[in-house]
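All remarks here apply to the structure that follows.
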Amino acid sequence: MSAHIINGTEIAAAIREEIRSEVTALKAKHGIVPGLATVLVGDDPASHSYVDSKIKMCQNLGIYSEHHPLPQSATNEDLLTLIARLNADPKISGILVQVPLPVQISENLVLNAINPDKDVDGFHPVNVGRMCLGEPCFLPCTPHGVQELLIRSGIKIEGTHVVIVGRSNLVGKPLANILLQKAPGANATVTICHSGTKNLPLITSQADILVSAMGKPKFITADMVRQGAVVIDVGTTCIGYTPEGKRILSGDVDFEAVKEKAFAITPVPKGVGPMTIIMLMLNTLTAAKRAAGLVK
């Protein structure tokens with residue numbers, strides 16, 4: 001029997017409507033409009049595409065947006081000056097600096113300059129620390145999206161063994177911290193695997209929930225998955241192009257084989273991807289409410 005397909009596009013659409021209603025109510029009751037500033041350095045086509053999608057989503061939800069493009073030759077000082085201005089701008093609830101950045105720019109220096117209260121990507125050390133302590137913070141968008149996918153799909157997390165393959169600062173590490181918390185939608189036993197892990201299939205096959213975030217197409221095969229497990233595929237790799245020039249994407253999981261063994265599985269595309277941008281919008285809304293003293 002084939003697995004239940006967890007449709008991230010549908011779940012993200014439901015959250016989008018919830019956010020739209022909140023944005024409308026926030027404006028009507030308090031005269032507050034959430035605002036997102038995006039900063040893009042250089043002309044990388046993929047980065048342009050990502051930023052464009054975020055701007056369009058803001059427009060769709062009634063969130064004010066500003067875009068600040070900078071040339072490839074921009075310096076640390078250029079970015080720090082811009083971020084200081086955005087930090088001080090009351091119209092801006094959240095600031096997003098699109099990464100990767102050119103080699104001459106210190107990513108840590110720039111991201112750490114963002115006011116933690118406007119760090120809607122959840123990358124600032126203050127937010128990372130709050131996340132680890134289980135305090136109110138902005139959760140990184142992709143890990144938060146994974147948690148929401150599980151919760152809204154009715155999949156129990158509490159008490160389960162979650163195995164995460166990948167230890168990046170963007171996905172693996174924060175997701176482990178999120179799911180470890182003694183809180184609803186968490187409280188799992190978490191194992192992290194990585195390039196130095198020995199006997200990887202032995203560990204992954206013990207998972208109730210298996211999350212792969214490596215960027216290695218079809219690396220997770222059916223023999224690495226326990227019968228009846230939930231499989232979340234965060235990996236997204238371009239493996240080619242259609243004759244029309246559209247990207248062909250592959251996840252980390254051998255989807256066709258694994259879906260015959262799993263209880264539930266996310267596809268690529270239309271799985272985790274749509275959740276990332278909607279979590280960014282949710283963080284921007286939350287930032288606006290916090291700035292107004294409406295939530296903690």
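Glycine is treated like the rest: Cβ placed from N, Cα and C.
Swiss-Prot annotations:
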type: BINDING; residues: Gly166, Arg167, Ser168, Ser195, Thr236; note: NADP(+) binding site
Local Cβ density at Arg167 (NADP(+) binding site) - other Cβ atoms counted within 10 Å: 17
Least Cβ-crowded entry, counting other Cβ within 10 Å, from the binding-site residues listed as Ser195, Thr236: Ser195
Among the NADP(+)-binding set Gly166, Arg167, Ser168, Ser195, Thr236, as the record gives it, the longest Cα-Cα distance in Å: 18
